[in-house]
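Comments concern the structure below.
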Amino acid sequence: MSEQESRDNAAVDAVRQKYGFGFSWLVLMIALPPLVYYLWICVTYYQGELVFTSDAAAWRRFWSHVAPPTWHAAGLYAAWFLGQAALQVWAPGPTVQGMKLPDGSRLDYRMNGIFSFLFTLAVVFGLVTMGWLDATVLYDQLGPLLTVVNIFTFVFAGFLYFWGLNGKQWERPTGRPFYDYFMGTALNPRIGSLDLKLFCEARPGMIFWLLMNLSMAAKQYELHGTVTVPMLLVVGFQSFYLIDYFIHEEAVLTTWDIKHEKFGWMLCWGDLVWLPFTYTLQAQYLVHHTHDLPVWGIIAIVALNLAGYAIFRGANIQKHHFRRDPNRIVWGKPAKYIKTKQGSLLLTSGWWGIARHMNYFGDLMIALSWCLPAAFGSPIPYFHIVYFTILLLHREKRDDAMCLAKYGEDWLQYRKKVPWRIVPKIY
């Protein structure tokens, strides 16, 4: 390992200590599963109203809606998870190398997400068309599925914990069993060529998210004889986002989660439970709320989504092209940048000269456009934008600390050159 790589790894460790979870990991592991149930129950049984009461009997009635697991739901999810794993391993797609690991090695990854995504949609469409699968099954089984997937992730995280106990030197657990269960004990656990972390990061959670949305739309049609414009907007926006994700799937290999986080309960539960069951809250709400939107409102929401996407994808593409060719023209002019003592180049042109994370700003615009079609009858469809804002604010601070530890004075110079963090002129 080079001296520079050693410094980079030390910077990662320092940032992880400062921006990790401290003792809050236990609170998260205890509180988050009930929170997802709470949101689902409020949407499904209380018309989207947030339920707060001091009456013990009312709380018992509320929590009595928690659905027990069923063999139907368990069978559905087992078939789903194993089927997606098979596609990850055997579906056609290019093989690329990941980022350097702490020991200097690189792993191979098969990037076949877009094939798996489209193949899955084709199979599900065929099964529904032939009458072998009910289009509303995921909505009808949503409660039991939530319980099944929760149970599965807790068990799976236990498997991952024991899997990594004999890992490489730089993967050693902390010696605190419950914390290691939460954070993980292995960086890249694999079964043969199946990289469990990369697989769970996208396939069983993100594609499931889309199928759940489609099931919500089918349920709305079954109940009301129509699929409303708000439902079409939500499903359309999120489908486009997922297609874009899988087209650019290789970019996930450069993310913090893949490069630095071990694979434990936190990522496992977040990928398999949090993502599909909370990112579908807008569609869940719209199943029983069939309001219309004015034409100007539809135009404004579509414009917000497209503008957010243009900023999000445009910023990411600019940085990707700059890394490949620093002499590339950005917005009609030669790229401007700061060269660090380590030799890295910090782009200060284009979107990256407006704010340090304009891609986050675009992502937040997209997230808000997913919520607005639900109108303002309930705060629950807006849970996503609140959570996502908190997430990106934390991530920006973590990234800033990481770059300061890595680049020192050069990063301070970059801060002066580009003072705004996410939102130009505001933050």
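The backbone N, Cα and C atoms fix where each Cβ goes, glycine too.
Note that this is a predicted model, so its numbers are computed, not measured.
Both P94 and E249 belong to one identically named topological domain in Swiss-Prot, hence to the same side of the membrane. Contact between the transmembrane segment (111-131) and the transmembrane segment (142-162) is absent: fewer than three CB pairs lie under 8 Å, with pairs separated by 6 or more positions in sequence. Contact check: the transmembrane segment (263-283) against the transmembrane segment (292-312) gives fewer than three Cβ pairs closer than 8 Å, residues 6 or more apart, which falls short of the contact criterion. Packing around N359 (NADP(+) binding site) is summarised by its Cβ count: 22 other Cβ atoms lie within 10 angstroms of its Cβ, all protein chains included.
Of the recorded ranges 26-46, 71-91, 292-312, 357-377, 379-399, the transmembrane segment (198-218) has the largest number of C-beta contacts under 8 angstroms with 71-91.
Just going by CB pairs under 8 A, the stretch in 71-91, 142-162, 227-247, 379-399 that sits most against the transmembrane segment (26-46) is 142-162. DSSP assignment over the topological domain 'Cytoplasmic' (92-110) gives 0 helix, 6 strand, 13 coil.
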